[in-house]
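Undergrad: I'd like to ask you about the structure that follows.
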Amino acid sequence: MSQTPNHAPISELYVSYESAQKLKVEAAELPSWDLTPRQICDLELLMNGGFNPLKGFLSEADYDGVVENMRLSDGQLWPMPITLDVSEKFAETVADGQDIALRDQEGVILAILSITDKWVPNKAREAEKVFGADDPAHPAVNYLHNQAGPVYLGGPITGIQQPVHYDFKGRRDTPNELRAYFRKMGWRKVVAFQTRNPLHRAHQELTFRAAKEAQANLLIHPVVGLTKPGDVDHFTRVRCYEAVLDKYPQSTTTMSLLNLAMRMAGPREAVWHGIIRRNHGCTHMIVGRDHAGPGKNSAGEDFYGPYDAQELFRENQADIGCEMVDFKHMVYVQERAQYEPNDEIEDRDNVTILNISGTELRRRLREGLEIPEWFSFPEVVTELRRTSPPRAKQGFTVFFTGLSGSGKSTIANALMVKLMEMGGRPVTLLDGDVVRKHLSSELGFSKEHRDINIQRIGYVASEITKNGGIAICAPIAPYTATRRSVREMIEAYGAFVEVHVATSLEECEARDRKGLYKLAREGKIKEFTGISDPYEAPTNAELIVDTKDVDVDHCAHQVILKLESLGLIKG
Ligand code: PPS
């Protein structure tokens, strides 16, 4: 059988096994950068050719071109900045022309970066151009400003070894492994389906139709790197995909897992996904309505138009090298007991059209309600129910925030006792003062130390939530961005209920239960919240309570009512 372009091997950045062994020893002497989870995903796709034509992390000139007009400095199409962001402290220790070792989180050397560029990016500009707005409601913009380091390093990569994965090994393929598979199977045309959600009957139907339309074989290509905060975890999803895979004719369809860190950049992301699929040997890709959409912006509107992604893909199709198959919005027609493309139903006045949105599905799972057979496969529903039990059986976190002396600890203690009286789930109180004694005794009150303190509390609370318990946290937690990152950490496992104890500064100072405000006013305690350090009041707390003229019992009861209304406890 003759080879087609999607069968030929693609170039990787790995050196031979022997050279890798040698380099590993030599690299032990080099300065080391411990990669973040997102950087590990990026590095894997750089090294295995998934990000071809990139040969490393972007140089400053390439970055500028990509940000401004989606082109590398040599004119090639590339829509997404793939940059190595580092801390200022690390950046000070390295210079252009130097090699550094890139290590995974256990310290294993994965690659060497030969630095050609070091610069401080204009992040606001990057956000505007790449994500369409410098709005922290966009997950990638939030990441850019609050998680990514302030300095970028660029330069070519020498690949030493692939990041290690212990899960679903048999389902992970490099671009060349997929290309070889397509070659072996004689699949000349392959349509890829990118997804970060579980597949239900509508997806099965639309992917099947897309493949038929393109007269192509089908690759289900789910992202298992990083997706949108709050998505179903990839372990659950992969078990769901395995179940759906059995519903396709075996010889037409395969599935492979992609360790991509998504950015949710809508149109640019669709173009990027197309290039990545081309590199994996696919000739076609399905692009849906609101492809890789990040949700609503700060004004409550969609970041991108529903078909912006399809438009940008179409404009760049020749350079992407992968053809777009438009996603058909499939709905269930009850009378004919089948899925049909919504825009092709001519007798819509005489038939019953059924559909369940993602939000409605989550509600049904949360509340333990029925999910009909026409909507999904029983195996998928069972799997989802296993990881998303009804809310009243899940763990959750109540996170009090407010000024010192606002009454957080007192309400938190009362709440703990009330929840223990109800029983059913273990309750842990992570009070500000107590945490500082046991978990964070070495920390002070600088912004950096407060952030570390809150991240620690968030981490412990997320573990408690994951394991089905109730965590009650009561630190000051004065910074919005840190509270948000804790929220994201916890919402991966259960509900996060933020309670702003909004007792005014005047009231807290008048009470001055610990005598700290007086000392702060006299300058004897530095960086005191509300006096000489900021408190950023929450704007999206689930509940606001003020302890002035209201007794503690009543405040704690308000929290209980909130938990009931959210379905977290049964009345
Ligand atoms: S933070 O900002 O969330 O890390 O603070 P937290 O861990 O909740 O610690 C707050 C308690 O530490 C005492 N304390 C101070 N608070 C604010 N600013 C300064 N500089 C400071 N120094 C000591 C204070 O008693 C806080 O306790 P609460 O329970 O909030 O009154």
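In case you wondered, yes, glycine gets a Cβ from its N, Cα and C as well.
Any TrEMBL annotation is an automated prediction that lacks curation.
What TrEMBL records for this protein is below:
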- 5-161: domain 'ATP-sulfurylase PUA-like' (DOMAIN)
- 172-386: domain 'Sulphate adenylyltransferase catalytic' (DOMAIN)
- 394-546: domain 'APS kinase' (DOMAIN)
- Gly402, Leu403, Ser404, Gly405, Ser406, Gly407, Lys408, Ser409: ATP binding site (BINDING)
Undergrad: Return the residues near Lys408 (ATP binding site), defined as same-chain residues 6+ apart in sequence whose C-beta is under 8 angstroms from its C-beta, sorted by sequence, else 'none'.
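TA: The answer is Phe400, Thr401, Gly402, Asp431, Gly432, Ala474, Pro475, Ile476, Val501.
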Undergrad: Out of Ser404, Ser406, Ser409, which of the binding-site residues has the smallest number of neighbouring Cβ atoms within 10 Å?
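TA: The binding-site residues Ser404, Ser406, Ser409 were compared, and Ser409 has the fewest Cβ atoms within 10 Å.
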Undergrad: Among all chains shown, work out which of the binding-site residues Gly402, Gly407 has the most CB atoms within 10 A of its CB.
TA: Gly402
Undergrad: Would you list the other residues of this chain near ATP - those whose C-beta lies within 8 angstroms of the C-beta centroid of Gly402, Leu403, Ser404, Gly405, Ser406, Gly407, Lys408, Ser409 - in sequence order?
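TA: What remains near the Cβ centre is Ile476, Val501, Thr503, Cys508, Thr547.
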Undergrad: Filter the candidate list Leu403, Ser404, Gly405 of binding-site residues, keeping only entries whose CB is under 6 Å from an atom of ligand 1.
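TA: List returned for ligand 1: Ser404, Gly405.
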Undergrad: Average the per-residue pLDDT over the domain 'Sulphate adenylyltransferase catalytic' (172-386) and send me the rounded value.
TA: 94
Undergrad: 10 Å Cβ neighbour count around Leu403 (ATP binding site)?
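TA: So the number of other Cβ atoms within 10 Å of Leu403 (ATP binding site) is 24.
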Undergrad: Please state whether DSSP places Lys408 (ATP binding site) in a helix, a strand or coil.
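TA: In three-state terms, Lys408 (ATP binding site) counts as helix.
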